[in-house]
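Colleague: Mind having a look at this structure? Questions to follow.
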Amino acid sequence: MKTQKGLSQDTAEPSAKSFYSATEKRTKLNCCTSDRMKTREVKIINQGLEDEMEVWGYQPCLWKMILVGVGAVCSGGLLLLLLYWLPEWGVKVTCTCTSLRDAHTLLLRTTDEFRQWFRAKVHVISAPGKKPLDSLDLQSTAQLPNGDGDHGISAVHQEHHGKCAHRQPVQIHYFTHHSTKYYWNDVMQNFELHKGLEDLKVSCASIHSSHSSGLSKTLQDYRRLFFGENEIAVRVPSIFKLLIKEVLNPFYIFQLFSVVLWSAEDYYYYATAIVFMSVISIATSLYTIKKQYVMLHDMVATHSVVRVSVCRGNKDIEQAMSTDLVPGDVIIIPANGMIMPCDAVLICGTCIINESMLTGESVPVTKTSLPSSGEEAALSYNIEEHKRHTLFCGTRVIQTRFYAGELVKAVVVRTGFSTEKGQLVRSILYPKPTDFKLYRDAYLFLLCLVGVAGIGFLYTIVLSIMNKVPAKTIITESLDIITITVPPALPAAMTAGIVYAQRRLKRVGIFCISPQRINMCGQLNLVCFDKTGTLTEDGLDLWGVQTAEDGSFSPPEADAAKGSLVNSAFVACMATCHSLTKIEGELSGDPLDLKMFNATGWILEEPTEEETALHNPIMPTVVRPPKHSVPEASLKNPLTQNMELSEFSSFEIGIVRQFPFSSTLQRMSVVVRRLGEKHMNAFLKGAPEVVASLCKQHTVPQSFPETLESYTRQGFRVIALAHRQLEAKLSWHKVQSLSRDLIETNMEFLGLIIMQNKIKEETAGVLRELRQANIRTLMVTGDNMLTAISVARECGMVRAHETVIIADAAPPKDFHLASITWHYTETPAPTTRDNQTVEINLQDAVYDKEKVPQQEQRYHFAVTGRAFAVITEHFPQLVQKLVLRATVFARMAPDQKTQLVEVLQSIDYTVGMCGDGANDCGALKRAHSGISLSELEASVASPFTSSTPNISCVPNLIREGRAALVTSFCVFKFMALYSIIQYLSVTLLYSILSNLGDFQFLFIDIAIILIIAFTMSLNPAWKELVWQRPPSSLISGPLLFSVLTQILTSLVFQVLAFLLVQQQSWYETWTPQSDACNVSRSSLSYSLNVTSPHDHKNIRNYENTTLFYVSSFQYLAVAIIFSKGKPFRQPSYKNWPFMLSCIGLYTFLLLIMLYPVPAIDSFLEIVCVPPDWRVTLAIIVIVNAAVSFMLEILILDIILRTLVFRCNQGLNRPTEPPSADTLQEANDHWGSSFLSWLFCRRSKPPRVRYMHLALELQDDADWPPRPSTVTYASDPQSRTSAPL
């Protein structure tokens, strides 16, 4: 749990020149009010981004620093510790506000819900220019906006043979935060982040024309001043530095305080035990943190520093280290590949890339050069929009493709931590804190304990002064109350349950890199699933093909390699329109492409490097059918009659150019040429709707919509193919510069490929288990909408009788407002009931809601990525309503998956995300609990990784999460009761100037508390998921009732025993000569006088002995009562270490209470009491346990929790109809109503927003929208009832 915390410490102190320069040594002693208001003005950096922060400027203040120094000395260093824990106060009490430009120290605060504070020191560098991407020879004289003329820049620059003349340097302020540098911008009057070449907002064509020749050495050195070395430096801190950070944790400081206090009281034994535990805890934490740093360092450092070939001008090429690269450099990608040391955009050639490090997808990806002409070339380069042309840092270039000896070149876009890999490493190094109510409530609860300790502290001081106790004793005993009330062993005990859960998860193949998130898994009430590879099998099987001829479909064919199709344009498209490549003799690429290509039976051949250099131009890849597959009858095929006869001289087809698959365009295309032909052909494949829109309408069969819908309804994945013959005048070189928009138009529709994606065997059962456990499930996929709905129905996410409403949104266009059209899908099959077939007309349920029972008003929304974007932008008021009942999200881009998770979290869902790692990384990181089914490097971004490649890991994780969460509550309640019980005992004994003895404390703290606390966490998870969820808050009715009733019970019985013992006839002030046991006076006095010196602390007395016995049994009673099993954990009797500990301790305590052993009595400093009082104590202990048990089990669990505290019931509970109105149910209903009225809970609104929203929508007669209606963005009611 401490690993992430350790990694998230921010150093923010780069090694650079001292900030204090001659021009900056100004002191501002007197400022007018207006100036002060101006200097305190808050600025925003990274505005609109995930890491947006507010920033304030400060300057050191001498008199404040002197005061803090004096305070630190007077407080013994405690003031410095407090300022270390609270960085905002550390700055405010030592500095004064100033403008950002004059600041020496900055105070940063994140704008998210966590509002974290950071401190950063401002540094300065000298540079010949102000902007990293400026061209030095174009700099002009300028004066800063604040009028400081001494900072003006002389712009006299000459460049000769790549060398720059000397000029007056400019002082530039910057600071470093989370491994990112921010530089001062005089125009903005704020700090800004320089990402890389993108900052110039250059067009794609401009990159080719202005940035393709490379940088001079001088310009490279200048840019390096700003961007630094191109490395992702994960510094592994020294053990000493990690140790200092760890021991300065508030809990360890409190433990140190406790140990010092106990040592002053000669209580060495428990002090030694706490020191021993702390040392083990610190050593384990240091080992874990160090190991994670080393693993991350090794992962990042692998091949991060390599030698690269850099272009200097058009012709000069020199070898350099990758650490020297800056944005704007042009590098050569070697033919045998490399690990990319930076983010770079390809400007010449083609690369085959393995991007598994970033995306989790091990399938090689083809990257093509950035377009240099056409509409696309005029667009500004954007690393997200031009992913298919960008080589990302850390990805492996497997091989390159080039033409006629041309070099494969790329322009460096980003370096260091600004790269995609750098951002991933930063997210691991500096994760956001986990916002979990349990931890916040734990601190509040501890504050309450501190308040109780404060009362005891004052009580002890007043009582001691009244009894004229020595000052030293007053100090130690009053401080001792604090260490009793706030248990130092609490962090170790709380961590134990999570560690045990982590081990159990590891045994079932689930690995965790963020243990604190295990508790959060116990609160999951919604899980998003990716479809392909997660709910369904990873691969697709070819079900069949359906060609189109003369504007109509032919019957479907099962075999694409049959003789009649082998020479058709349809099969040629299947054989060429892909991104497959041969790696070490094996075909590699997208699984769908592999299935499609293998179905043709064709052969793919790639030329060698020598062949590529000798021939101009030669095709980089050639496909051909096997020789025996070319039938003579193919000449009669009507699809080939319009082709030239020369094509039959050879069936080999060369792929001239590829336009890779784009998820935004939903298609890919290739330009090919049959060997021996003069003209070229274009082949296109993609989403059927997209392909049909790019084809000539007369070539698309009229039955296309119905045919497509029939396939997608059955869950098939459908891909459409198209073809176009290009003009003969197009040369090879012209094709290389054409934009895909010019190629992908006026196509001829060829037909459909029907792929079958089978659902995994475990999917339906797991989803049914989650639904029964009151956990909502969603599908988030990049696949077709109707296919996704079909799979959702097949796996049970949408049940047979439930309606699916497709929200089809259109953006504003041609003076038309943005709109949403609501389409109701038909029920796929009739439902059979009582041997009669009944057609269910679900649309009636919308029109006449009052006639339909509430349970049957079940509907689901289905939304595409395009519609989701439109609704988010133009219908923000509908977003939360929609996601409340949306189950299928289709055609979703990776960033939209992340956005969806954020929307769900905004309405108080605790969200889990399960994906196979491909394009799910953002959502996996953002969810409360991300579960990756991929064991690739990308899983380092996901808190959990499953070695089982199916979703059966999800219920396992939730069960263990629930068990760990309940265990955390049990341990926390037990440790709180332990503190209060001991606090009550000590407070009562203080009233007679007594206390518990050292060995009594030792026995209680180690033999009872530590053993019980660590063994009660061993209960395994319950074998099945139940529909209830464990509580998420300590500040809740049941938990507060439980703790308070047990505290009152303990108080009553301790006070009862304390007063009763004083009323006994044999009671007297105990002395070594006392003979309450009727033992021989002489022998007893002799032994005690010999072995025991005079008791200065007044430990040995009847009150002490009585309270020791009663409190010891109270610890065991509350441990057993709080250690609950079903429905979230296995029963305690299956936890044999815990049971053995309890039985052993009960036996031991009963033995020494009923049959005293002098040696044990002497060791524990307890006195002998009469047998009748021992029996009375046994009765008190038994009655105490019985009352505690009845309050917890009978009243809390059976009556109050069942009938009153129903926090998690209602809207998310499965809506199966009730079995029968039994007498028991009627009584429960009556009891619930009465107790709810008694506890004033009748009109209490739901605590979570999604339940509140659902209640509102139940009363909304216009929701869900009626079939075939349209909602417009401008309508305040957001609805029009006019059907389409």
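Cβ atoms are placed via backbone N, Cα and C, with glycine included.
Whatever TrEMBL says is automated annotation, not expert-curated.
Annotation comment: TrEMBL describes 62-86, 242-262, 268-289, 442-461, 481-501, 969-993, 999-1018, 1039-1061, 1106-1123, 1135-1155, 1175-1196 as transmembrane segment. Marked as domain 'Cation-transporting P-type ATPase N-terminal' by TrEMBL: 194-267. For 1263-1284, the entry in TrEMBL reads region 'Disordered'. Summarising the annotation, TrEMBL assigns compositional bias 'Polar residues' to 1268-1284.
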Colleague: In the same chain, which residue numbers or ranges, 6 or more beyond the ends of the transmembrane segment (1039-1061), come under 8 angstroms Cβ to Cβ?
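Modeller: 969, 973, 976-977, 980-981, 984-985, 988, 1031, 1033, 1067, 1102-1103, 1106-1107, 1110-1111, 1114, 1118, 1121-1122, 1173, 1176-1177, 1180, 1183-1184, 1187-1188, 1191-1192, 1195-1196, 1200.
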Colleague: Between the transmembrane segment (969-993) and the stretches 268-289, 481-501, 1135-1155, work out which stretch tops the count of Cβ pairs under 8 Å.
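Modeller: If we count Cβ pairs closer than 8 Å to the transmembrane segment (969-993), 481-501 scores highest.
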Colleague: Any chance the transmembrane segment (999-1018) and the transmembrane segment (1175-1196) have 3 or more Cβ pairs under 8 A, given the pairs are 6 or more apart in sequence?
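Modeller: Contact absent: fewer than 3 Cβ pairs fall under 8 Å.
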Colleague: Who are the chain neighbours of the transmembrane segment (1175-1196) in space, where the CB to CB distance is under 8 Å and they lie at least 6 residues beyond its ends?
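Modeller: Contacts of the transmembrane segment (1175-1196) (Cβ under 8 Å, skipping residues fewer than 6 from its ends): 1038, 1041-1042, 1045-1046, 1049-1050, 1053, 1056-1057, 1060, 1106, 1109-1110, 1113-1114, 1117-1118, 1121-1122, 1150, 1153-1154, 1169.
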Colleague: Within the domain 'Cation-transporting P-type ATPase N-terminal' (194-267), what mean pLDDT does the predicted structure show?
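Modeller: Mean per-residue confidence for the domain 'Cation-transporting P-type ATPase N-terminal' (194-267): 85 out of 100.
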Colleague: How does the domain 'Cation-transporting P-type ATPase N-terminal' (194-267) divide up by DSSP, counting helix, then strand, then coil residues?
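Modeller: Going through the domain 'Cation-transporting P-type ATPase N-terminal' (194-267) residue by residue, I get 46 helix, 3 strand, 25 coil.
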